[in-house]
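Scroll down for the structure; my scribbles are underneath it.
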Amino acid sequence: MDKRFLRRLVVDTTEATSFVLDKRFFGDRTTDNNTFNPTKSSSFSRTGGFTTIYDLQGPHKDSVVSGDLGIDNVLVGRYTIRPEFGVAQAAESSDSALKDFDGQYVAGRIGFARGDNPLTNFRVQLLNRFKTSSICLAVFQDGKGSFTPTVSLGAPRIPPADLITSFKADNDKDGLWRIPLNSISIGNFSATVNARAIFSSALDEIVVPFNLLPRIAAALKAKYNKNSSCIVVDCQNEVPLKLNINGTEIVIPAEDYSKKVDGVCYLKITRFNSPYYILGANILTKRGICLDFEKETVTLYKANRGALEGTITL
């Protein structure tokens, strides 16, 4: 790949396939540094074709992504790996798999679901190169109040005071990372759920079963907006969302489960016609999560940059 371009890739914990966008097919929708032209890379070798149904989980349309399959040198941090990955040339049904939280096109996705993938080995190559089995995702807040998302590889050094909870990930036939969600409460609404929630770094929202959202909205005195097909909440709302995960209460402030657009605040809690619970990346503000592929453990901790000592930040 051309080293002149710094490409933005989404780390997706719900998908195992990794791909980048082919500039010849998506160059008109994005920028040069968010695409890859395999014909311009002397180290690229085509190995075949690929088609995968990209399930973003919850109330989102699947994307059927297809294109070439190939191997190339990829510079990650200061290290070079040579993984096999997809070069996307088409996305049918929906192009949501090609975008980030804000609907902006990205260079592609790196799959960090569990289990081996018969199509691509980007995650395996990456972890093997760094001689580690863990990836950590965190959102730090600096002294000025700005938030910075961080991806790091390697075992974090988490002080006992910063450890929130750690547990063995449940077995999952789809390779998803499951989190034991005991209960959920907000305002005067409370429910014991004892669910195996999916953790998704690809979503910036929380998904609950269909029958729970009206009760959550009522607790917030929120209203459904037909024009936007979204639930609108008072921008002055400060009621926290409380999640009990593995026996530990985690408090999500209002600004992390709502989003202000043009003076209107929309709820980032959605529903799905299924018993699924999905915890998105918005639970990570001032927190971190480490996924260990060897030990099959999940660790939540208070975001502290000291925990990244000895790790490699991407």
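Cβ atoms are placed via backbone N, Cα and C, with glycine included.
Please treat TrEMBL annotations as automatic predictions, because they have not gone through curation.
For the domain 'Peptidase A1' (1-301), the model's average pLDDT works out to 88. The domain 'Peptidase A1' feature in TrEMBL is assigned to 1-301.
Taken from TrEMBL, the feature disulfide bond applies to Cys230-Cys265. In this structure, Cys265 (disulfide bond) is part of a beta strand by DSSP.
In this view, Cys230 (disulfide bond) is surrounded by 19 other Cβ atoms within 10 Å of its Cβ, with every protein chain counted.
Counting every protein chain shown, 20 other Cβ atoms lie within 10 Å of the Cβ of Cys265 (disulfide bond).
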